[in-house]
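Trainee: I have a structure I would like to understand better, so I am pasting it below and will then ask my questions one at a time.
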Amino acid sequence: MLYLISGANGAGKTLNTLKWVRERQLKENRPVCHNGRFEPVPGGELDGWKKIDFKDWQAEPDGTIFLIDEAHNDLPNRPAGSTVPESVKMLAEHRRRGFDFYMVTQHPQNIDSFVRRLIGPPGWHRHLKRSFGVDMVSVLEWSAVNPNCEKDGSGKTGTVTMQAFPKEVYGWYKSASLHTGKKKLPAKLWVFLACVLLIPLLIWLAGSKLLTKTEAKAATKPASQVETIATAPQAVAAKLTPEQYIEQRSPRLPDFLHTAPAYDEVTKPTVAPYPAACITMGKTCKCYTQQATLMQVSGPVCLQIVAQGFFVDWQQQSQQAAQQGPQMLPQQVRMQPMQAMQPPPQQVRSVPTPKLEPNLPGQITQSDIPQALGIRNPAFNVYPHNSGSQGG
């Protein structure tokens, strides 16, 4: 089969390919030939490998493994319509004799298009990317040649693994180039780290200045200025051209009319969203804001909030009391009907005792009333009397 290994200089292409070929040689007990782009150490791990001229590969015994380093020298691109060399054309029949070819180059477009089209499963194309100059590479693999292997996101169409440099292989050969790669962080990472540190600081500074200016204006603004500001939008609107008027009412975000510039003064935020409730069900975890809207939170953070909660350090005591208030609401509701059934308090007035006048001849006094009632109704006889025959 045909195998293609690509990658920038210093990505460890030759280093890793030597390890892969040596492991296969030991496993399958097969001979190995190479094109001499590296020099095996005498008496070392690769001492039995044979150096050949690539165009003579067909003279080797069946089952040979070929390692073609810097393959763009032996398999260069040809002008369109030119004749395919015999040594290249016969690669199409390599399986008939059980040959395997490992071809190493910086980019797949550097070698003959005839050869690129021959690469397919069970063969593969592996592109090596070294990150930050450390002794580790990302190995991106596809079943056929990927001409855009060096671009960001190319690994989405293949498989990606991380492999450390096989440092033991350094002692197997003498490379034609020195290992001069230095470990350094890329500029993109420095920019990202700077943004992570500076953006929160800038937001805090801007918010502090805006709050200070707003409070100062609110404290010193006279009534006449308030009236002027209230009438200012009408004066500005009267001076706008039709094009400016349309622009002021054109939403910045489609389907959201309130994002138009004309509504900037009335759509200033007064509350900040935070994960008020996070729920995990099965393999999913979702967080919701205090307004019960879905909040975009990563899975690990959502699970952390479910397990440990989320502290809102900007919430005041009055707001906390307002949130705890509804817990007492049922008791308050139950007490209201009882209070409604109680009659309102009545005013009690004291009646002055009438002043007793002296008895006149023949006048009925207050003490005579119970006695008279007792004569008519014995049950009411609370004062004894000596009526004699009228007691029945």
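The count begins at 1 with the first shown residue.
Even glycines carry a Cβ here, placed using N, Cα and C.
Computed from a predicted structure; not experimentally measured.
Sharing the feature lines straight out of TrEMBL:
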DOMAIN    56-179  domain 'Zona occludens toxin N-terminal'
REGION    343-366  region 'Disordered'
TRANSMEM  189-207  transmembrane segment
Trainee: For the domain 'Zona occludens toxin N-terminal' (56-179), what are the DSSP-based totals of helix, strand and coil residues?
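Mentor: For the domain 'Zona occludens toxin N-terminal' (56-179), the helix, strand and coil counts are 33 helix, 35 strand, 56 coil.
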Trainee: Can you give me the average pLDDT across the domain 'Zona occludens toxin N-terminal' (56-179), rounded to a whole number?
Mentor: 93
